[in-house]
Amino acid sequence: MSYAEHFSLKNIPYGIASTKDRPAAVATRLHDFVFFLSDLNLDGSSDVKNAFSQATLNALASIDKDELAKLRTSLRNALGDQSNVSKFGIPIGEVVMHLPVEVKGFTDFSCSSEHLLNAGEAVLGVRSFPPASLHLPIGYTGRSSSVIVSGTSITRPYGQYRDGDEIGFGPSRAIDYELEMGAIIGKPSIFGDRVSVNDADEHIFGLVIVNDWSARDIQGFEMQPLGPLNGKSFGTSISPWVVTLEALEPFATEPPAKQSVVKAYLQDKKAKSSYNIKLSADVLSEGSETNVCKAQLQWISWTFRDLVAQQTINGCNINTGDLLATGTVSGVGDDEHGCLLEMTKGGKVEWELSSGKKRRYLEDGDGVRLTAYAGEGVGFGDCTGFISAAKPF
């Protein structure tokens, strides 16, 4: 799939690309063509232009938002010139996309009320909210070292899990996906300082699709009382193109009303603090494609602005390249479950591929493709990964 309609002049995302003749460097995309920024005659300070040759977006992401706004305007002007498109455009099939940023830290939140209810029912048999989730965006610290770019294979992990009345050890038997989005931090904060929810956008470089792969059997055994570790840390995929908040502003929308009166630090003055982004998940297996979820980002209870405020409320600093993810995005319908844990009621219910084969969780060779599209030429492309067999122990 090309996703040409996702990448119009209204988008202008940033990514890291390479070709057989060029090392990894900062690039953007227009329709089905990739452009290295260093090829274009762009306006900008020396700091901006020096960032073009870097193998990650970190240097560019850390630059002042006013400078980045000027760069965006310059890029739109340059790519609006057909002579530049003809001269410098490289077909998307001729480039390799890389992890867009060096991820310094990764926090996965749980912002979807429906996911919390569905997951609680699947695991505990109780459809209720964790008490704190009504008052703040709950989350855990993940492993930044295993954040990978879309297209990277996921090796089935080993771990311990419950096997009837015994404790088993071996390859996970319950590999799942999670349909999420994440914010990439641009401007860092200072250790000991807080970032106001009303200033949070100044620290967000852009958004990506996130698949927080999960081994539900390993996760379920290890979680109490400190939360997940090996059940989550074997891989988190992100899409290669970072879509800026400026590109998403036309799709800004109001989030759902909070279910309690939140504390002052989470009271956002910006009414349209969320984004209308349509999300989808497909399972790929032996040539078949099966849509398993359609969801919308604006359903989640906590915004990216809330996540920045919550992450820093205790003085924890955020760094350029940090990833703050939403957690699974789900809705109320049976076709709106953002993970197989919900869809299978904790592995108890089978579902059917378009080929007619049955599944509970993902098997070796299965893949998952997540997509996100705001509309009117602004989208994220996809985030894809396939499960490979566990390595012999």
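Just so you know, glycine gets a Cβ as well, placed from its N, Cα and C.
No curator has checked TrEMBL annotations; they are predicted automatically.
Quick caveat, the model's predicted, so the values are computed rather than measured.
Annotation source TrEMBL lists domain 'Fumarylacetoacetase-like C-terminal' at 106-376.
Asp108 (Ca(2+) binding site) falls within a strand when secondary structure is assigned with DSSP. Cβ-based neighbour count (10 Å, all protein chains) for Asp108 (Ca(2+) binding site) stands at 24. Taken from TrEMBL, the feature Ca(2+) binding site covers Asp108, Glu178, Glu180, Asp212.
The active site, proton acceptor annotation in TrEMBL covers His115. Long-range Cβ contacts of His115 (active site, proton acceptor) within its own chain (separation 6+, distance under 8 Å): Gly327, Thr328, Val329, Ser330, Gly338, Cys339, Glu342.
Sequence annotations record features per position, and here TrEMBL assigns Mg(2+) binding site to Asp212, Lys232, Thr236. According to DSSP, Asp212 (Ca(2+) binding site) sits within a strand segment. Neighbours of Asp212 (Ca(2+) binding site), defined as other CB atoms within 10 A of its CB across all chains, total 26.
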Name the residue among the binding-site residues Glu178, Glu180 whose Cβ has the smallest number of other Cβ atoms within 10 Å.
Glu178
How many neighbouring Cβ atoms, not counting its own, are there within 10 Å of the Cβ of Lys232 (Mg(2+) binding site)?
25
Name the residues of the same chain, 6+ apart in sequence, whose Cβ is under 8 Å from the Cβ of Thr236 (Mg(2+) binding site)?
Phe106, Asp108, Gly142, Arg143, Ser146, Val147, Ile148, Val210, Asn211, Asp212, Trp213, Ala325
